[in-house]
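Undergrad: Following this message is one structure expressed as structure tokens.
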Amino acid sequence: MSIKSDKWIRRMAEQHGMIEPFEPGQIRQQDGRKIISYGTSSYGYDIRCAREFKVFTNIHSTVVDPKNFDEKSFVDFEGDYCIIPPNSFALARTVEYFRIPRDVLTVCLGKSTYARCGIIVNVTPFEPEWEGYVTLEFSNTTPLPAKIYAGEGCAQVLFFQGDEECAVSYKDRNGKYQGQHGVTLPKA
């Protein structure tokens, strides 16, 4: 299994629609102002956070149960940025829609700009033949409110190509998050 380069990422995005919308370079400024970078890097792709957020609140719940998750545990918010309460988290989705090839698995890591501020970005791997918008989780590990920005980079996706195609892909087994479009809550 080998990590894939910027050339491979560009080819797969442009010829096979693996990432839409796709940025072939690295964007560091927008309208003359510095932003958290996004787009193609040497061996990965820096994804952006969209304007849709679900901010966790403990007003209605006493226990967080992944098998029986209460949608009232979140407050929906839309904007150019989101403030995450201290020691809490928010969900968002990517601007980009992904179509992962059958012989590829991705690993997604948070950007150091956020990590250095105590904001951890968590995303599970994108499995072979998974497609959809990625649901992102931002954890504020600090005792202060934390700000995250829509339309700017938040995490980097690394693409690994297997030596052969898998016998059963995410699509083959009808994975529960296949084709997700908005910020998707846990499904047991």
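In case you wondered, yes, glycine gets a Cβ from its N, Cα and C as well.
Keep in mind that this is a model prediction, so the values were computed, not measured.
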Undergrad: Let me know which member of Gln30, Gln180 Swiss-Prot also records as binding dCTP at the site of Lys111, Ser112, Thr113, Tyr114, Ala115, Arg116, Thr135, Leu136, Glu137, Gln156, Tyr170.
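TA: Record check against Swiss-Prot: dCTP site with Lys111, Ser112, Thr113, Tyr114, Ala115, Arg116, Thr135, Leu136, Glu137, Gln156, Tyr170, extra candidate from Gln30, Gln180 is Gln180.
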Undergrad: Listed dCTP-binding residues Lys111, Ser112, Thr113, Tyr114, Ala115, Arg116, Thr135, Leu136, Glu137, Gln156, Tyr170, Gln180 - what's their greatest C-alpha to C-alpha distance in Å?
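TA: Maximum Cα-Cα distance: 34 Å.
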Undergrad: What residues, ordered by sequence, lie under 8 A Cβ-to-Cβ from Lys111 (dCTP binding site) and sit at least six positions away in the same chain?
TA: Ile36, Ser37, Asp46, Val121, Gly153, Cys154, Ala155, Gln156
Undergrad: Tell me which residues of the chain lie with their Cβ under 8 angstroms from that of Tyr170 (dCTP binding site), as long as they are six or more apart in sequence?
TA: Ile100, Glu127, Pro128, Glu129, Trp130, Gln178
Undergrad: Look at the binding-site residues Thr113, Thr135 and tell me which residue has the greatest number of other C-beta atoms within 10 angstroms of its C-beta.
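TA: Compared across Thr113, Thr135, the most Cβ atoms within 10 Å surround Thr135.
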